[in-house]
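Engineer: Following this message is one structure expressed as structure tokens.
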Amino acid sequence: MASAEPLTALSRWYLYAIHGYFCEVMFTAAWEFVVNLNWKFPGVTSVWALFIYGTSILIVERMYLRLRGRCPLLLRCLIYTLWTYLWEFTTGFILRQFNACPWDYSQFDFDFMGLITLEYAVPWFCGALIMEQFIIRNTLRLRFDKDAEPGEPSGALALANGHVKTD
């Protein structure tokens, strides 16, 4: 049987970066529709989002692996949300020094320096829940088989409902 290895940290970072980038575009499109009823759904983000999300989710993955047996899900999501605020503030502050910060929350009632806003606490918390339960857990299950041939699976390794057949 082929030896399947877990994805490398760089491979997982890449998946997390692309996922975060996509979610950012979808969120801004939905926000534009809700606030302005814009049926064009123009979703936008910055290339910086790739680094920001990829790195942040990889760090949350490490938190998940350390906390999963030690504290309940809702507490973990609260910790991830606090991390998200710290990371968003830090990366925004650094990018602002180069006039490169792509977001500005100054128009929100509960913003801090225009870099973070409490109005996003519930979306960040829900995002943390989805991130742990679906994105991180499933990404950690992915395997890379360096000996696999390109093409459709066949024989003993044929897939059935997303699971490798072993019989």
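In case you wondered, yes, glycine gets a Cβ from its N, Cα and C as well.
According to Swiss-Prot, the feature topological domain 'Cytoplasmic' maps to 1-14, 62-73, 131-167. Here Swiss-Prot flags 15-35, 41-61, 74-94, 110-130 as transmembrane segment. Taken from Swiss-Prot, the feature topological domain 'Extracellular' applies to 36-40, 95-109.
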Engineer: Within the same chain, where does the topological domain 'Cytoplasmic' (62-73) have neighbours whose Cβ lies under 8 angstroms from its own Cβ atoms, ignoring anything closer than 6 residues to its ends? I mean 6 or more beyond.
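Structural biologist: Residues packing against the topological domain 'Cytoplasmic' (62-73) from afar: 79-80, 83, 129, 132-133, 136-137.
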Engineer: What parts of the chain pack near the topological domain 'Extracellular' (36-40), using Cβ distances under 8 Å and only residues at least 6 beyond its ends?
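Structural biologist: None.
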Engineer: Kindly report the helix/strand/coil residue split of the topological domain 'Extracellular' (36-40) according to DSSP, in that order.
Structural biologist: 1 helix, 0 strand, 4 coil
Engineer: List, by number or range, the same-chain residues at least 6 past the topological domain 'Cytoplasmic' (1-14) whose CB is under 8 A from its CB atoms?
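Structural biologist: Long-range Cβ neighbours of the topological domain 'Cytoplasmic' (1-14): 54-55, 58, 61, 139-140, 142-148, 156-157.
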Engineer: What is the average pLDDT across the topological domain 'Extracellular' (36-40)?
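Structural biologist: Per the prediction, mean pLDDT sits at 95 for the topological domain 'Extracellular' (36-40).
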Engineer: Take the topological domain 'Extracellular' (95-109) and find every residue of the same chain, 6 or more past its ends, with a Cβ under 8 Å from one of its Cβ atoms.
Structural biologist: 45-46, 48-49, 115-120
